Amino acid sequence: MSTPARRRLMRDFKILQEDPPVGFTGAPQEHNIMSWNAVIFGPQDTPFEDGTFKLVIEFNEEYPNKPPTVKFTSEMFHPNVYENGTICLDILQNRWSPAYDVSAILRSIQSLLDEPNPNSPANSVAAKLYTSNRKEYEDKIKSTVTKSWSS
């Protein structure tokens, strides 16, 4: 059955295929346009460089009027990522707009990797290290990057 949400997701997927972005990929799971797998590659010249971080994006029939839920399935140590992988990002919550598509969501998450908001932490340990001991924070990130290759 074709619904507005499903048509929009097909459009989002077509855009990703026709104009592939640099630094991330995303596609619907087989037989389920409402559930996507994505990979974000760690941005160059950041502690996340060389990482391949997997995510799952879950949409409901209210998309694009309501944001999807997005979770890292790869281990992630980051001030704005809960231990269960859920991402704390304003555009996925109170600053959501139907103008955002899958590409914009993934681009925002990729930017968040190197530009965390320690004032709105989902992981207080990561936020504290980010603000008080950047070297130890970056060492933990490097460990996360290494783990991302096998997850």
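Even glycines carry a Cβ here, placed using N, Cα and C.
Just so you know, TrEMBL annotations are computer predictions that nobody has curated.
The active site, glycyl thioester intermediate annotation in TrEMBL covers Cys88. For 4-150, the entry in TrEMBL reads domain 'UBC core'.
Note on the domain 'UBC core' (4-150): DSSP counts are 55 helix, 30 strand, 62 coil. The average pLDDT computed for the domain 'UBC core' (4-150) is 96.
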